[in-house]
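Listed in Swiss-Prot:
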| type | residues | note |
| --- | --- | --- |
| BINDING | Gly8, Leu9, Ser10, Gly11, Ser12, Gly13, Lys14, Ser15 | ATP binding site |
| BINDING | Asp59, Ile60, Arg61, Gly62 | GTP binding site |
Amino acid sequence: MRILIITGLSGSGKSTAVRALEDEGFFCQDNLPVALFPTFVDLVDNAKERIRDVALVMDIRGRDFNKGFEKVFQEITEAGHLVDILFFDATDEVIIRRFSETRRRHPAIDSGSVPEGIRSERQQLAGLRSFATQIIDTSELNVHQLKDLVISLVKGGEGGREMTVHLQSFGYRFGLPLESDLVMDVRFLPNPYFIPELKEFSGLDPKVRAYVLKHDETGEFLTKFKELLEFLLPGYKREGKSYLTISIGCTGGRHRSVVIAEEIRDFFKRKQLNLKVSHRDMEKG
């Protein structure tokens, strides 16, 4: 049986994720005490009607969530079940805005402000976050994009936990992507931004791509970066990692990082992996 543990900050999109999983045929259980996880899994596993996919929501509403979760996860895994922990996160500013829109009280505090609740919740969830299989930053996602991402994660993990690679470009000016497993800084490469006839185009434009790739340091970097990925990917697969996020950053996220991400896309196409490519800040930079 495949089990997804859905956890993370209040206001980060867990409810949306659960609805997406229900649409994909997952049996979902919300707010179950951690101590009851093994019993619940046994009951579902022995049910007359075979259930293959289960999602359990675990957050601060269950007051004992911080007690013994490591042991509980170990018990479930040793019973032969595939367990992935999806931790949903977002920036404080985005969560504050979402609470303001819904006018809900933050569940981490009985009184006080939403920012205080967020700080408290981050502290309480720090240990659980370290166990996450995948950290999902929903700050820049709308409801439909989040549902699509969750579904791609689920489908990418089917069939023997085949690994899905999310390759994204970004701009340091707009902050690091929280969900990154690997971050590569390409700000040392020649910058088309300072070439007047290239400045207004993105890294998807053939002229910008040709400019970045014609320099010797770009070719040498790509060779070494691909060698690093050749070394790392088998290790991540052996670990059982089902989703790998590689973030490539330049100053504004419009030129160099886009070119390099597209070059690495071609490299991954030959690896028979599930591949998702996005350019987070291309239209901002």
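The chain as shown is numbered from 1 upward.
Positions of Cβ are set from backbone N, Cα and C atoms, glycine also.
Shown on the structure are the features that Swiss-Prot records.
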residue : record           : contacts (Cβ under 8 Å, 6+ apart)
Gly8    : ATP binding site : Lys14, Asp59, Leu86, Phe87, Phe88, Asp89, Leu125, Arg129, Ile136
Leu9    : ATP binding site : Phe88, Asp89, Ala90, Ile95, Ile118, Glu121, Arg122, Leu125
Ser10   : ATP binding site : Asp59, Ile60, Ile95, His106, Pro107, Ala108, Gly117, Glu121
Gly11   : ATP binding site : Ala90, Val94, Ile95, Arg98, Phe99, His106
Gly13   : ATP binding site : Phe88, Ala90, Ile136, Thr138, Leu141, Val143, Leu146
Ser15   : ATP binding site : none
Arg61   : GTP binding site : Asn31, Pro107
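Listed in chain order, the extra residues whose Cβ falls within 8 Å of the Cβ center of the ATP site residues Gly8, Leu9, Ser10, Gly11, Ser12, Gly13, Lys14, Ser15 are Asp59, Phe88, Ala90, Ile95, Thr138. Non-local contacts of Ser12 (ATP binding site) by the CB criterion (under 8 A, 6+ apart in sequence, same chain) comprise Phe88, Asp89, Ala90, Ile95, Thr138.
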